[in-house]
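A.B. asks: Relevant sequence annotations retrieved from TrEMBL are reproduced here:
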- 18-27: compositional bias 'Low complexity' (COMPBIAS)
- 1-62: region 'Disordered' (REGION)
- 76-100: transmembrane segment (TRANSMEM)
- 127-147: transmembrane segment (TRANSMEM)
- 154-176: transmembrane segment (TRANSMEM)
- 182-200: transmembrane segment (TRANSMEM)
- 224-251: transmembrane segment (TRANSMEM)
- 266-283: transmembrane segment (TRANSMEM)
- 288-307: transmembrane segment (TRANSMEM)
- 327-348: transmembrane segment (TRANSMEM)
- 427-451: transmembrane segment (TRANSMEM)
- 463-483: transmembrane segment (TRANSMEM)
């Protein structure tokens with residue numbers, strides 16, 4: 001048991017005026033961040049609030065919280081999302097049927113299987129490769145989550161140091177290869193990461209305690225990991241399906257392929273269909289991840305924050321199933337709306353990267369540098385939108401709001417409570433993001449080594465190495481981000497609950513509330529009526 005848990009359960013918490021007294025757990029009880037743990041002696045005066053007895057249950061359902069009106073929000077985006085997904089299904093069915101009928105262009109597992117495939121384009125050996133990559137990404141993602149549960153501060157320190165080392169390594173590589181536009185940008189990024197490390201280091205204790213609280217909540221709600229793993233499996237299946245579809249599109253409509261003698265084919269058609277398939281894949285993948293986020297926020301984490309642990313008897317039955325029902329029906333249009341914005345930004349960034357690579361290959365460093373700067377700018381906007389959307393989805397999950405309504409309330413919550421400064425100090429998101437990046441890199445490395453060892457016939461000149469590695473990186477990245485969303489959902493839900501009802505956190509996690517009260521006193525002031 002960690003020192004943090006020993007302090008948590010070593011003694012009974014001191015009585016708090018104005019709060020109900022709950023039965024004490026025995027000292028050998030498993031850690032659980034409910035009302036009873038004594039995380040640390042707070043050095044502030046606990047706020048007085050009437051949340052005991054029946055009043056707590058009444059307050060928990062305040063403002064349609066957990067019981068929104070039965071109304072479909074943002075129906076236009078719901079219909080748009082369903083139609084584009086049906087279009088992807090139809091495209092995939094046509095392409096894969098033709099590809100399978102032609103024998104899948106041959107190929108197989110291992111070196112002997114790779115050499116037997118068609119040399120025209122991607123074949124079945126690539127399918128086996130990406131299936132192996134997906135399995136490796138699932139395994140690495142689960143392993144990283146287990147490591148986070150076992151080690152908290154150490155992983156935060158390691159991810160910070162790895163981020164600095166990676167930025168320095170990329171910077172050095174670009175200078176060595178004389179890729180000056182990228183070298184200049186990553187030099188600035190590397191210097192910034194080195195300087196910012198010392199500021200982040202001082203905030204690790206707060207972030208680690210926050211992460212420990214979330215992890216302890218998840219230990220007692222198995223539905224957290226059920227939702228995460230179901231979303232992960234769906235993401236993995238969607239990734240494999242997307243790869244099959246892209247390979248089949250290449251095989252059916254690429255000029256010169258044996259599959260195209262009876263069909264019209266052109267490079268432009270292939271490019272357009274691949275673009276549409278990529279758009280559908282990114283949007284659907286975003287929606288899956290965000291439905292999982294809303295399910296966790298409106299289910300186990302939100303119910304823990306507002307109702308307390310299950311042992312108190314206030315938590316409604318099956319909160320996770322109820323939250324999933326709301327997220328996948330009434331609120332699906334709102335989730336699709338927010339996901340579409342991020343998808344369009346991601347596509348724009350991919351286009352700019354393609355322009356940058358083309359300009360660099362043609363020997364136009366100025367154009368390449370401008371495209372690289374534009375891609376970085378779009379990437380910053382995308383990150384900001386994703387960051388903001390996470391809290392909007394929690395408002396949607398708790399209250400059943402439309403996307404625009406949830407966005408307005410989230411912005412007002414950030415500004416009124418000063419919670420934006422608090423969120424910026426959290427290292428949890430960075431830790432999880434760099435873990436996903438590492439999983440993606442390891443997945444792409446696995447794909448590269450597989451190509452080198454098997455030497456497939458379609459890649460004799462190395463022309464498909466880059467796209468295969470990119471596919472592998474995206475698969476690993478998306479799998480890891482989906483699994484990590486289980487933790488981020490808890491962290492973000494605590495932030496939203498803190499902004500609306502900070503006095504509740506003083507009961508659920510006194511040490512965390514005490515640290516916030518000392519460092520950010522304006523955050524825990526009385527909540528004005530809204």
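Numbers run from 1 along the shown chain.
Cβ from N, Cα, C; glycine included.
Please treat TrEMBL annotations as automatic predictions, because they have not gone through curation.
Give me the structural setting of these features: burial, nearby parts and distances.
C.D. replies: Non-local neighbours of the transmembrane segment (182-200) in the same chain are 160-161, 163-164, 167-168, 170-171, 174-175, 369, 372-373, 376, 427, 430; each lies 6+ residues outside the stretch with a CB under 8 Å from one of its CB atoms.
Residues of the same chain lying 6 or more positions beyond the ends of the transmembrane segment (266-283) and with a Cβ under 8 Å from any Cβ of it are 81, 84-85, 87-88, 91-92, 95, 238-239, 242, 245-246, 249-250, 253-255, 336, 339-340, 343, 346-347, 350.
Distant neighbours of the transmembrane segment (327-348): 68, 70-81, 275, 278-279, 282-283, 286-287, 290-291, 294-295, 298, 378, 381-382, 385-386, 389, 392-393, 396-397, 400-403, 406-407; these residues of the same chain sit at least 6 beyond its ends, with a Cβ under 8 Å from one of its Cβ atoms.
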A.B. asks: Count the Cβ pairs between the transmembrane segment (154-176) and the transmembrane segment (463-483) that lie under 8 angstroms and are 6 or more residues apart in sequence, then report whether there are at least 3.
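C.D. replies: These two stretches do not touch.
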A.B. asks: With CB pairs under 8 Å as the measure, which of the listed stretches 127-147, 224-251, 463-483 comes out on top against the transmembrane segment (76-100)?
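C.D. replies: Answer is 224-251, with the largest number of Cβ pairs below 8 Å.
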A.B. asks: Is it the case that the transmembrane segment (427-451) and the transmembrane segment (463-483) have 3 or more CB pairs under 8 Å, with pairs at least 6 apart in sequence?
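C.D. replies: When sequence-distant Cβ pairs are counted, the transmembrane segment (463-483) touches the transmembrane segment (427-451), since at least 3 lie under 8 Å.
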